[in-house]
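> Following this message is one structure expressed as structure tokens.
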Amino acid sequence: MAVTYPQLSHGALQQILADQKVNRPVLQIIVYKQMSQSDQLKYRFQMSDGVETCSNFVIILPELIQRISKGEFEKFTVVELKAYTCTVNPGIGREIIVVSDMSVVMSGAKIGKRLDKQESNGGFLSNAGNTSLNGKPRAEPSKTASPMAAAKSGVSGPQSVCPISAITPYFNAWKIRARVTSKANKRNWSNARGEGCVFSFDCMDESTEIRVNAFTKECDKYYDLIEVNKVYYITKGTVKTANKKFSNLANDYEITLNSDSVVELCADIEVSEMPKIRYRFVQIKDLESVALQSVVDVLAVVKNVDECMSITSKKTQKELKKRDIALVDKTSYEVRFTLWNEVAEQFDGQTNQIIAIKNAVVGEFNGRTLSGVSSTTYQLDPDIPETNILKEWFEREGQTLSTNTLSKSYEGIRDNEWKFLSQINEQTVNGDNRSYFNIRARVVQTGRNPIYKACGQNGCLKKVTDNNNGFYHCAKCQTDSTQYEPRLVLSVALSDCTSEIWITLFQEQAEKILGISAKELHELQESNPPEFVKALTASEFKE
DNA sequence: CCCCCCCC
Ligand SMILES: [Zn+2]
């Protein structure tokens, strides 16, 4: 019995490469190979429309890459491109077609040969076969796709968009089209370098995501324009290395908007074309070993939702709203996740729902906690395969298992006994048996030099030595860097009516007692020694 | 150029 082969979209490649929209073209895979030159895994495909071939199809999306590895897109497979973007790669000045969704029409194994268009003169066939993987298709001779030429046009004009993953500090002719996934609050800042305001937003396309920062002038210019879930064209901007300490996005770079930047709303985009938010989940159990203040994504079952409550900030005396949510995942570990203000009030998740959290900050209060910050987002029952797996686990066994909680409850702490300083001795603080107790005492003296320079490499925090040439050496990482992180080890003398003792406070506790961050204190030490001493001694005689 | 994210 004869096999009926699928019909390829003859002529589609020429149209696609000429920037004409072709709806769901049906193409045949001729060959593909992994691209090795970048650290990000990518595949390059040669596709045929039956008339000609083009080798500039690129696959970056992890979901599609996984399907490639499962053998779904072998040689001669006919596919329908459900979503793709034709862009100019600023690196090579040539069109590339980034495929973000495709489905198999018929497997290559079943077809077993090329489905070139049968022409009476045979002309197409001879041309179709000879495009090399590095070659440019011979169609569309009039197209000049140099990025510099393209950059002269307006932002929503003819310059082709490129994938976010193509942005590097070495090219400035990029133009992206990206959906905003989160928008941080506008904040004021002031330090030795000046003062101003800032906000940032995270956005993504089919390829990856990136954080965009806007300072002062650009902050005022774009703050109202940027809205979550809307799609924007962005051109120009300074591309910088991202500091991983402050985001968990899948990008080594960030954009800082400048006076040349153009940001325009892209109104004519369908919701179905929007890529799904991608997460890089950390298991709750592993939060124990994650550096404090790091930014993580978590997928969990909502085990309990507390009421929203009002508290007063100690620092600003302002009234704040907060809501605690207990999360549990397949590790049977539980952690408390705190949402703040409007986000806390608006939270409408229910017990037993699955929650995917992006960009939560790891904190510490009698164990580990998670806190929402202004770039944190969450989805309830997200449309990802892990949701059902986790839901089934919870219904089957998770809900009856007892959990190991990383965030000890306030009630548990409150039950601890109160001690006078004179009661603290070798018996109460014995070696490996940790004991917890509360004390009420007055700070009578603070150590005078609490700041040390720590290694800033992904959570190392070992003390670095000053090479006295502008570099600081970390013996653990075996690296020299111009950067370091000021950290605190503060000795304080406590006194109550029974006794006086010296205790050592590390970073977070020291910041709390002093009421100033290590960074701010360090800046004071450098710029204003009298104020530094004042800040250090400010806590003395406080309870 | 920010990098705070609050409370028990
Ligand atoms: Zn180090």
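Cβ atoms are placed via backbone N, Cα and C, with glycine included.
Okay, so TrEMBL annotates it like this:
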- A:8-106: domain 'Replication factor-A protein 1 N-terminal' (DOMAIN)
- A:123-157: region 'Disordered' (REGION)
- A:123-134: compositional bias 'Polar residues' (COMPBIAS)
- A:174-255: domain 'OB' (DOMAIN)
- A:284-380: domain 'Replication protein A OB' (DOMAIN)
- A:436-542: domain 'Replication factor A C-terminal' (DOMAIN)
> Under a Cβ pair cut-off of under 8 Å, which of the recorded stretches A:174-255, A:284-380, A:436-542 contacts the domain 'Replication factor-A protein 1 N-terminal' (A:8-106) most often?
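Counting Cβ pairs under 8 Å, the winner is A:174-255.
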> Do you know the DSSP helix, strand and coil residue counts for the domain 'Replication protein A OB' (A:284-380)?
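Per-class counts: 12 helix, 53 strand, 32 coil.
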> Could you tell me the mean pLDDT the prediction assigns to the domain 'Replication factor A C-terminal' (A:436-542)?
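Value for the domain 'Replication factor A C-terminal' (A:436-542), mean pLDDT as a whole number: 84.
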> Based on DSSP, tally up the residues of the domain 'Replication factor-A protein 1 N-terminal' (A:8-106) by helix, strand and coil.
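So the counts come to 14 helix, 49 strand, 36 coil.
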